[in-house]
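A.B. asks: A single structure is presented below for examination.
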Amino acid sequence: MLNFMENIEELPLASWVSDFTGWISDSFAFLFDPIKNQFGDGLEDFADMLAAVPPVIVILIVAVLAFFLSGKRFGLAAFSIVGLLLVWNQGLWEELMLSFSLVLVASLLSVIIGVPIGILMSKSKTAESIITPVLDFMQTMPAFVYLIPAVAFFSIGMVPGIFASLIFATPPTVRFTNLGIRQVSEELVEAAEAFGSTGAQKLFKVELPMAKTTIMAGINQTVMLALSMVVIASMIGAPGLGREVLSSLQRADVGTGFVAGLGIVILAIIIDRFTQSFSLKKGTSI
Amino acid sequence: MPVIKVEGLSKVFGKNVKQALKLLGEGKTKEEVLKQTGSTVGVNRASFEVEAGEIFVIMGLSGSGKSTLVRLLNRLIDPTEGHVYIDNEDLATMDKKDLRRVRRTKMSMVFQKFALFPYRSILENAEYGLEIQGIAKEERSKKAKASLELVGLGNYLEQYPSQLSGGMQQRVGLARALANDPEVMLMDEAFSALDPLIRKEMQDELLDLQETMKKTIIFITHDLDEALRIGDKIALMKDGSIVQVGSPEEILMNPANDYVEKFVEDVDRSKVLTAYNIMKRPETVNIDKHGPRVALERMQKEGISSIYVTDSKRNLKGYVTADDASTALRNDVTSLMSIMKTDAPTVTQDTLMNAIFEISHNSPVPIPVVEDGKLLGIIVRGAVISALAGQSEVNLTHA
């Protein structure tokens with residue numbers, strides 16, 4: 001009696017998913033192929049372009065931006081200069097630029113997709129109740145799993161890396177956008193309405209500005225998650241610092257692995273402080 | 001002509017709305033409706049009219065439905081039933097576009113917690129209502145500046161709300177509402193978040209502004225003193241229903257039911273009642289016709305110790321005491337002029353009770369109520385005390 005499961009056949013869940021993925025891959029090839037080719041080419045051009053800029057110029061620009069974004073303080077600027085010089089010195093500059101372009105593009109796409117979905121969620125209870133479990137699913141599924149369909153759809157390289165990163169990194173932006181808009185005080189929303197705002201005016205003139213800090217916190221998380229995908233995506237051939245980490249893992253080369261890892265940490269800290277400063281800037285104390 | 005006319009306005013929150021409305025129609029109370037249908041009655045068939053240029057106060061305790069009612073007036077909450085007419089247009093049934101037009105041009109609102117936009121400067125806050133109408137930058141900032149100057153914040157244009165005190169923030173709220181030049185202003189507990197001294201200051205300022213602007217103001221409050229102070233008319237709410245509408249004096253002196261009576265019991269009457277409410281018809285003698293003999297006779301007949309002297313046009317000349325009159329009679333003085341005293345302090349019919357109380361305390365004679373030199377009535381000390389105690393018969397047919 002306790003072994004009743006023995007009499008029930010195993011559900012072919014795995015093969016269903018495989019079949020489904022295969023079906024999508026075949027049926028939407030007309031969509032995936034141009035993305036893979038044209039978008040992939042554009043991406044590589046962009047990365048190459050970044051890598052072609054002399055490192056000194058990049059470091060200078062970053063340092064100046066850091067100085068102003070951190071409220072004219074030298075800490076972040078100094079850190080950026082030292083950190084980036086170190087990466088350059090270690091011969092990882094090109095990898096750094098590749099990783100950065102991957103993170104940048106993946107994050108931008110996440111924000112472009114995530115913010116409108118978050119707005120939709122905040123406006124509709126139905127949308128919220130449908131999207132929330134999907135987000136939970138996307139975030140709790142181990143990130144490695146996304147690599148498999150990513151390869152099926154886009155083969156290997158940067159594009160599937162960005163695809164996997166999108167799925168993994170978008171949820172915080174969606175969640176925080178929803179949260180930020182829902183947290184706008186009832187009275188402010190009423191004030192916007194009482195003066196005769198249209199829905200769009202209410203959104204752009206009141207709700208989004210009020211939710212900005214929260215949304216930026218979500219975007220910051222998205223960027224950090226996208227960065228963490230840099231290493232994982234290297235398993236399906238995404239270039240950059242992650243690939244260095246992966247290859248040193250395969251060769252059990254602690255030193256090289258550590259240096260590449262350090263490069264990721266430096267990139268992470270700079271990106272993190274930059275995105276955070278956007279959310280704090282102009283934030284009048286409330 | 002009423003600017004706003006509210007007819008049978010109801011709001012029911014929850015399910016079984018139809019059944020709840022039916023029960024309300026049968027005269028069931030809010031609690032009975034909740035028990036039978038599970039729906040909460042926000043506002044129960046409210047009807048009233050607000051005249052142009054009037055400050056109409058809706059007053060009630062928390063949970064009485066006053067905040068819901070004011071939000072039904074500009075449809076921040078959609079009514080379940082009933083009509084709200086503004087300039088003969090029914091707000092309750094108009095489409096979204098018309099509703100926006102009314103909100104933009106005819107009504108604006110001031111909020112309890114100010115509801116200023118923290119990321120906008122004071123000027124940008126005041127501009128908001130104009131900005132969303134698509135009015136050009138130059139014109140809207142001119143209008144917004146003018147209304148900020150009206151509330152005394154002309155020098156704070158570039159500041160942000162968090163840099164201002166509560167009272168100043170609410171001035172910004174007021175300026176923002178005025179910038180649209182609306183006919184009607186809805187003020188939802190606008191001064192309740194301010195501390196008492198600032199609140200009083202803002203009330204005075206609102207009354208000052210109202211002198212020149214003559215807006216129609218619907219003012220929500222839970223504070224009866226505030227209601228009595230600024231209201232031309234007061235509507236008292238309980239459990240979603242309006243239990244009484246009337247002038248402050250009517251509410252105070254003739255409470256419609258136990259609830260209202262209980263409410264007004266604690267009110268400081270000295271701040272509401274005026275000389276007009278307690279003055280009596282005076283006994284007088286005419287300076288041109290009468291002498292000390294007539295004066296003394298009248299005083300003896302009425303059992304009083306002094307009498308006021310007027311001319312034929314009832315202009316107050318002075319008073320004569322019984323002692324002086326009898327001395328004059330013995331000395332064969334025939335003119336009142338020589339024995340008349342003129343040192344009685346006078347009040348006007350709008351003088352508040354607390355001021356009269358002070359005067360009556362020091363005055364040897366009843367206080368004459370004088371308007372444009374004419375004697376309208378007198379106030380005896382006993383009337384002041386009994387009115388303060390809330391026991392007197394008072395005169396409510398205010399001109």
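Indices start at 1 and increase along the chain as displayed.
In case you wondered, yes, glycine gets a Cβ from its N, Cα and C as well.
Checked TrEMBL, it gives:
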type     : residues  : note
DOMAIN   : A:96-275  : domain 'ABC transmembrane type-1'
TRANSMEM : A:49-69   : transmembrane segment
TRANSMEM : A:76-93   : transmembrane segment
TRANSMEM : A:99-122  : transmembrane segment
TRANSMEM : A:143-169 : transmembrane segment
TRANSMEM : A:223-242 : transmembrane segment
TRANSMEM : A:254-271 : transmembrane segment
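Can you tell me where each of these features sits in this structure?
C.D. replies: Listed by sequence, the residues of this chain that lie at least six past the ends of the transmembrane segment (A:49-69) yet keep a Cβ under 8 A from its Cβ atoms are 76-77, 79-81, 84-85, 88, 93-94, 97-98, 100-101, 270, 273-274, 277-278, 281.
Beyond its flanks by at least six residues, the transmembrane segment (A:99-122) meets 43, 46-47, 50, 128, 131-132, 158, 161-162, 165-166, 169-178, 180-182, 203, 207, 215, 218-219, 222-223, 226-227, 229-230, 233, 238, 240-242, 263-264, 267, 271 of its own chain at Cβ-Cβ distances under 8 Å.
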A.B. asks: Count the CB pairs under 8 A between the transmembrane segment (A:223-242) and each of A:76-93, A:143-169, A:254-271, then give me the winner.
C.D. replies: A:143-169
A.B. asks: Which sequence positions outside the transmembrane segment (A:143-169), separated from its termini by at least 6 residues, show Cβ-Cβ distances below 8 Å to it?
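C.D. replies: That would be 21-22, 24-25, 28, 32, 35-36, 39-40, 43-44, 47, 102, 105-107, 109-110, 113, 222-223, 225-226, 228-230, 232-239.
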